[in-house]
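Data block below; observations after.
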Amino acid sequence: MTNIRKTHPLLKIVNHSLIDLPAPSNISAWWNFGSLLGLCLMIQILTGLFLAMHYTSDTATAFSSVTHICRDVNYGWLIRYLHANGASMFFICLYMHVGRGIYYGSYTYLETWNIGIILLFAVMATAFMGYVLPWGQMSFWGATVITNLLSAIPYIGTTLVEWIWGGFSVDKATLTRFFAFHFILPFIIAALVMIHLLFLHETGSNNPSGIPSDSDKIPFHPYYTIKDLLGFLV
């Protein structure tokens, strides 16, 4: 009987992406950050979903709802700190991943690299909007300063800033739309990650020696699945 993972229409895609994928035999720990970013994204989406159940995007109650999460919700403090520190870990992995790409010349894979740049900007935008949500003093300052940068655009700058704010200052409308975008963007990022991987698997990954590895490839599983799991544990 033929193995179901090689014949089933859906499992076949997973098989070609994560199991039987031919991968260079010499990629180092620098190639672990892609899978770590995937783990970070999953943690952020899961913890964010639970936080969104208790958060209120209203200027009068936003800060109180964050306090309520930390004090009254079962393990709410843990979920919040996982989400906040998970975001920091996300960026550490992101900068390492980009740094490795620059050092080892991954920018030659144009489609993969360009989607990666879009992903970087999308993650930065998501993080910025998340920073505003607790509606403390620094949230208000951050929202005002960063959005005000757009006012430097000639002619349309002021109108653009007021359009983003939803009024003449950072207020309830700003907080509500920032929460809406902060909620939806991670799912858009997840979709972009799929496209990023699609383009990567079209060309194959590069390797530390910088030479074509077509003549020396090994299956992704079990070699790199175990390597990635070790990265998760570390």
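Backbone N, Cα and C define each Cβ position, glycine as well.
Record features (Swiss-Prot):
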TRANSMEM  33-53  transmembrane segment
TRANSMEM  77-98  transmembrane segment
BINDING   HIS83, HIS182  heme b b562 binding site
BINDING   HIS97, HIS196  heme b b566 binding site
TRANSMEM  113-133  transmembrane segment
TRANSMEM  178-198  transmembrane segment
BINDING   HIS201  ubiquinone binding site
TRANSMEM  226-234  transmembrane segment
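Fewest other C-beta atoms within 10 Å: among the binding-site residues HIS97, HIS182, HIS196, HIS201, that description fits HIS201. Using a Cβ-Cβ cut-off under 8 Å and counting only residues 6 or more beyond its ends in the same chain, the transmembrane segment (77-98) has close neighbours at 30, 33-34, 36-37, 40-41, 43-44, 47-48, 50-51, 66, 69-71, 116, 120, 123, 127, 130. Between the transmembrane segment (33-53) and the stretches 113-133, 178-198, 226-234, it is 178-198 that has the most C-beta pairs under 8 angstroms. Checked against HIS97 (heme b b566 binding site) by C-alpha proximity, the binding-site residues HIS83, HIS182, HIS201 yield HIS201 as the nearest.
Listed in sequence order, ILE43, GLN44, THR47, GLY48, LEU51 are the same-chain residues at least 6 apart in sequence whose CB falls under 8 Å from the CB of HIS83 (heme b b562 binding site). For the pair HIS196 (heme b b566 binding site) and HIS182 (heme b b562 binding site), the Cα-Cα distance reads 21 Å.
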